[in-house]
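Peer 1: Not my notes, these are from TrEMBL:
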type	residues	note
BINDING	Cys42, Asp44, His98, Cys101	Zn(2+) binding site
Amino acid sequence: MSTIEQLFKNNLFWSDSIKLKSPEYFTKLRERQDPDFLWIGCSDSRVPAEYLTGLNSGELFVHRNIANQIIHTDLNCLSVIQYAVDILQVKHIIVCGHYDCGGISAAIKNAPLELMNQWLLNIRHMFLKRKSWFSDVRKEKWTDKLCEINLAEQVYSLGNLAVMQNAWKRNQDVEIHGVIYNISDGKLEATGMHCSSIESLRVSYKTVMSKILSDRKKIYS
């Protein structure tokens, strides 16, 4: 296990290697950030946003929480989104879920996790709402299927925020993309949740949810 001293050594090596390749890198980085992307993902340490997308410092504005949720009472998340859309004027917002998500699994099990139970309550409701549907699904697939459902719901939640609807009404060029990260092979997968307007949000959500809930071959495979 790494110690804090090792982290400082790693940082020094990283900083020196960057300056060796590009002496002006940090000077330019200090002047401003101008990212095209906002990433809203899970806090899971196995899903490092910049690393798996191959982006550098200043290219990706990031917000992470357990199970990549966009909750309308979460001022932290809402502030990040508003800053990204209104101030940074990002072109793309990526909502990234991932398979084998511990938060999703905990919501299904309803484990006694005190504060976390409150945080996961919305996902627990998603599961209970479709309990009869899940009863026809092999239990080992429950977590991953709920990951897909949760991602679609979070993109829909994001698109219904006032900051997004106002941006689209003024024809601001900003798109939302729902993606799933597969920890088993390190690949990002498009889910079909892609929208750039209120209308396309509704169509995308309806199409993707219908596919998830009717894809019997994937469920039983």
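The backbone N, Cα and C atoms fix where each Cβ goes, glycine too.
Fair warning: this is a prediction, and the values are worked out from it, not measured in the lab.
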Peer 1: Among all the protein chains here, how many other CB atoms are within 10 A of the CB of Cys42 (Zn(2+) binding site)?
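Peer 2: There are 23 such Cβ atoms around Cys42 (Zn(2+) binding site).
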Peer 1: Restricting to the same chain and to sequence separations of six or more, state which residues have a Cβ under 8 Å from that of Asp44 (Zn(2+) binding site).
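Peer 2: Counting only residues 6 or more apart in sequence, the Cβ neighbours of Asp44 (Zn(2+) binding site) under 8 Å are His98, Cys101, Gly102, Gly103.
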